[in-house]
Amino acid sequence: MVNFEYGIAEQLPNAKVLIVDDQLLNITLLQKILAGHYQTSVAHSGEDALKMIEESAPDIILLDIEMAGINGIETCRVLKSRPETKNIPIIFITSFGQHEDLCWQVGGVDFISKPINPKTVFNRVTAQLTLKFQRDKLLELVFLDGLTDVYNRRYFDSHLTKTQLRAKREQGDYALVIIDIDFFKQFNDIYGHIEGDKVLQQVAHTIKTTLLRPCDFVARYGGEEFAVILPDTDLRGGALVAENILNNIAKLKISHNYSIYQYLTVSAGLATFKGLSANESIIKSADEKLYVSKQQGRNKLTF
Ligand code: GH3
Ligand code: MG
Ligand code: MG
Ligand code: MG
Ligand code: MG
């Protein structure tokens, strides 16, 4: 039996627990149980909680049911309906006689009955936090590229399929940009693989920070290739973004003696969904454009 150590236990003390309750006595008691173990914050109503969560998402929520204004059940419904908050685990604090079925129905992961037993609260919170951190870590390992910290090819494939289905359904458009570092084999040969790895990180970071909308997406597509998906974007809009990426990478002025430009550059190919002929793949189309950029001297965008 192999014991994998992912450092979940070290992460727990930084966990953020949001206590949502309208009664000071309950709040004080819950805070006392969790203080010294986790970072706690308090919301005094459902409305308060929703506002706070929008600003900073907690790792877990302890949610009272009976509150003035929107009650706990409704608060949970709202959180579960939003993509940004739907994965935050919610533990309900229930009074005797309240419908536990409802807690499960709206997506609670657990409930604790009043009067509160401190050990039960602490152990249930810890169990759910551990599960959450394990799940986050697993998703990170499965879907992020370890070197560059952008999404990996696996996630790209599913994200592209989703974007394409949406564009088809809504008769909208989207753009795909494939970006490939120029003369990167020679960069490694001259400066070494460790410097090469650093360049991959810098290029990934530059692409990420050039993208302006939260829906814009970048993944490491292959060794020294990145793919950018821009939803609701036509050829003109896509070209603007791609040009910005090329410029921002050139502006890094990373020395590259072998390159005709003397510094590191990338080439790109751009295709849009609406620009495809029948049954043509957008990847193939963007790839063909990338090839033209390489042929025409690199540090270029073709669309
Ligand atoms: P071109 O301008 O035509 O794209 O030439 P190129 O040399 O960039 O392209 P080629 O496909 O010949 O070489 C890609 C290089 O990328 C070879 C490989 O060693 C390097 N590479 C791929 N993945 C990594 C990585 O994770 N780290 C480092 N340091 N290098 C990598
Ligand atoms: Mg109450
Ligand atoms: Mg390549
Ligand atoms: Mg290359
Ligand atoms: Mg080469």
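Cβ atoms here come from the backbone N, Cα and C positions, even for glycine.
Helix, strand and coil counts from DSSP across the domain 'Response regulatory' (16-129) read 49 helix, 24 strand, 41 coil. The feature domain 'Response regulatory' is assigned by TrEMBL to 16-129.
Sequence annotations record features per position, and here TrEMBL assigns 4-aspartylphosphate to Asp64. Less than 8 angstroms from the CB of Asp64 (4-aspartylphosphate) sit Val20, Asp21, Asp22, Gln23, Asn26, Gly72, Phe92, Ile93, each of them six or more residues away in the same chain.
Per-residue confidence over the domain 'GGDEF' (172-303) averages out at a pLDDT of 97. According to TrEMBL, the domain 'GGDEF' annotation covers 172-303.
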